[in-house]
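Quick look at what Swiss-Prot lists:
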REGION    1-151  region 'N-terminal domain'
DOMAIN    154-272  domain 'PAZ'
REGION    276-361  region 'Interdomain connector'
REGION    362-544  region 'Mid domain'
DOMAIN    473-756  domain 'Piwi'
BINDING   D558, D628, H745  Mn(2+) 1 binding site
BINDING   D558  Mn(2+) 2 binding site
BINDING   V770  Mn(2+) 3 binding site
Amino acid sequence: MKAKVVINLVKINKKIIPDKIYVYRLFNDPEEELQKEGYSIYRLAYENVGIVIDPENLIIATTKELEYEGEFIPEGEISFSELRNDYQSKLVLRLLKENGIGEYELSKLLRKFRKPKTFGDYKVIPSVEMSVIKHDEDFYLVIHIIHQIQSMKTLWELVNKDPKELEEFLMTHKENLMLKDIASPLKTVYKPCFEEYTKKPKLDHNQEIVKYWYNYHIERYWNTPEAKLEFYRKFGQVDLKQPAILAKFASKIKKNKNYKIYLLPQLVVPTYNAEQLESDVAKEILEYTKLMPEERKELLENILAEVDSDIIDKSLSEIEVEKIAQELENKIRVRDDKGNSVPISQLNVQKSQLLLWTNYSRKYPVILPYEVPEKFRKIREIPMFIILDSGLLADIQNFATNEFRELVKSMYYSLAKKYNSLAKKARSTNEIGLPFLDFRGKEKVITEDLNSDKGIIEVVEQVSSFMKGKELGLAFIAARNKLSSEKFEEIKRRLFNLNVISQVVNEDTLKNKRDKYDRNRLDLFVRHNLLFQVLSKLGVKYYVLDYRFNYDYIIGIDVAPMKRSEGYIGGSAVMFDSQGYIRKIVPIKIGEQRGESVDMNEFFKEMVDKFKEFNIKLDNKKILLLRDGRITNNEEEGLKYISEMFDIEVVTMDVIKNHPVRAFANMKMYFNLGGAIYLIPHKLKQAKGTPIPIKLAKKRIIKNGKVEKQSITRQDVLDIFILTRLNYGSISADMRLPAPVHYAHKFANAIRNEWKIKEEFLAEGFLYFV
């Protein structure tokens, strides 16, 4: 079904587009230039109208004469239409900025209607990100509202003006750290650079460089007597104890990621994602930053009404979308109490009702797990731990202890005993069943401060003493809201290093998600969701798709190059079969690599060999291969290599989750824009928020070492949509990403975070890392 939806794009007047473009070759490397003295490459970009500098140091300009002191040579004159589409869009974006329509100007307009807000030590600043998309020969400005979370203190203040503390801070936060230059009106965000092998930050203690970049800001941005006084009031005199930090642009969209610049700790503040903050602060900030579609739309309309220019339209654009058919919603198969595989619709229940029968309700049919891992069947006893955060109130601790015990009883009585008795009746046709899991009265209750390193170490020591000689343990953890996601991650990782799979339940859930009929229990669906998640982590799967893909296998990959004690890890691969059943999860171990890059020929060859170890041959098969992000040229070469070596037909496309396009409607749909497909596979159930589409682009068929580019078809879109139904982390919610991509990314993150790799668990689909 078709519909019209407003999106965050406005049409650009074609009068801005030049007839002629001039191309120049730049001889000196911008990076070398920066090391010598400074910023001529930046001055070139700022002081000449209409400049785009490509990764190969070609200058694309609207002007015939450049004011530039470096070495370059004119290469020719071309028409605008001869430029590649991406360079056309970059140049139009630059011309908009030079006509007074830039991120800085639009962000100022936005803040008339949505003020910055302070949350403790953090300030949340509404801002605008801009990009340009070419669609049907017209250009559109994408206006995306974001919220930047930044420290109230400068980086230099945060580290107590101590160079050693600065280095430690940068090392500790190197994965996610972004720094904003607050002494520039552009407020550009940068990412610090680190040494290739030592991973230490690239710091320069040369006082001349520090003075140069301090004075650069004054001369460029604060060059009137009044402005200089304001600069000194805000930032003080230059502190020559601080080192300069070599950094690169954080945005890969607007600027060449290889360009470097020096930052002064005195003039920058760290910026954050909400996930990096303590959860109580993060929750407040996330609540503030969530905007309903109508709220976003209204803010953009207010901005456009303030723009005094005819270069862009004053109204947001509409686009035609295709709604996802309702019959695709519940495409799953389950096993009934006789062990037969049936569509869930035949049992007249929904996915969210898979476990309702465990409350001894005759209203709901018994549903057996679709498959139980052999490894899990053989375990006779699993130690059970209840871990309580001492920061919780006593009544919450007592409630959590009792609730976790009841959940365990549900697993033991309803799942283990009843499944086994039912399974015995069904053994003639199916080998189904859970082991007898004897938790009764044997759980260990541990209470410690989970917000402290000492408390976490104490938990690990106590669990370790109980896990001697045991293959697998299970822990339910009650944690306060104040714990950051990093602390959650550390606790779960340390427990799994002892073979203990854990399930965290936070304070909000324990306090606010009570059953309305029995305040001594959690809400019924919350209980079943927790059971579903725990059993998924233990490898127990309750359903497959009632749908067949036109592929032998679907594989999600993620690249995570790093040195581990057991060898060099290149990343992860997660395999699903043609009916959406998760078959194998494997780490890709490869030979020693140089730097952060991975030899993708070796990566994909190892992937094929790894699956072969489990008697899954990819030779002569057709596979759909997906990853989170763009398939790089290096990865494409690797796929050409295995397609020829093993006679594999590979279909792949980019699956991009981070982009600025938003559609102001909360429904499952897809639309074509600028040669890409934007798919919204989920509908938000929460009170606030705007659905974020995933972008599907650049479909390739790789066969016999050759690449054929094709358009993404409606069937491709439906395949991706169906793959988002395979969520083992929630009994009812939909996923934003297709399942193979989601789980490959989760496992790659676990590898990066030093989780123990248990290949015997992974081989049977244990999702312990989720």
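For all residues, glycine too, the Cβ spot is worked out from N, Cα and C.
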Q. In Å, rounded, how far does the Cα of D628 (Mn(2+) 1 binding site) sit from the Cα of V770 (Mn(2+) 3 binding site)?
A. 16
(Q) With helix taken as DSSP H, G or I, strand as E or B and everything else coil, how many residues of the domain 'PAZ' (154-272) land in each class? (A) 43 helix, 27 strand, 49 coil
Q. About how far apart, in whole Å, are the alpha carbons (Cα) of H745 (Mn(2+) 1 binding site) and the residue listed as 'Mn(2+) 3 binding site'?
A. 10
Q | Helix, strand or coil at H745 (Mn(2+) 1 binding site) [DSSP, three-state] | A | helix
Q) Cα distance, the residue listed as 'Mn(2+) 3 binding site' to D558 (Mn(2+) 1 binding site), nearest Å? A) 15
Q: Report the same-chain neighbours of the residue listed as 'Mn(2+) 3 binding site': residues 6+ apart in sequence with Cβ closer than 8 Å to its Cβ, ordered by sequence.
A: Q533, S536, K537, Y728, G729, Y743, K746
Q. Including all protein chains shown, what's the count of other C-beta atoms within 10 A of the C-beta of D558 (Mn(2+) 1 binding site)?
A. 24
Q) For V770 (Mn(2+) 3 binding site), what is the secondary structure by DSSP, using just helix, strand and coil? A) coil
Q: List, in sequence order, the residues of the same chain other than D558, D628, H745 whose Cβ lies within 8 Å of the centroid of the Cβ atoms of the recorded Mn(2+) 1 site.
A: G556, I557, S572, R627, G629, V741, H742, A744, K746, A748, N749
(Q) For the region 'Mid domain' (362-544), what's the mean pLDDT in this predicted model? (A) 83
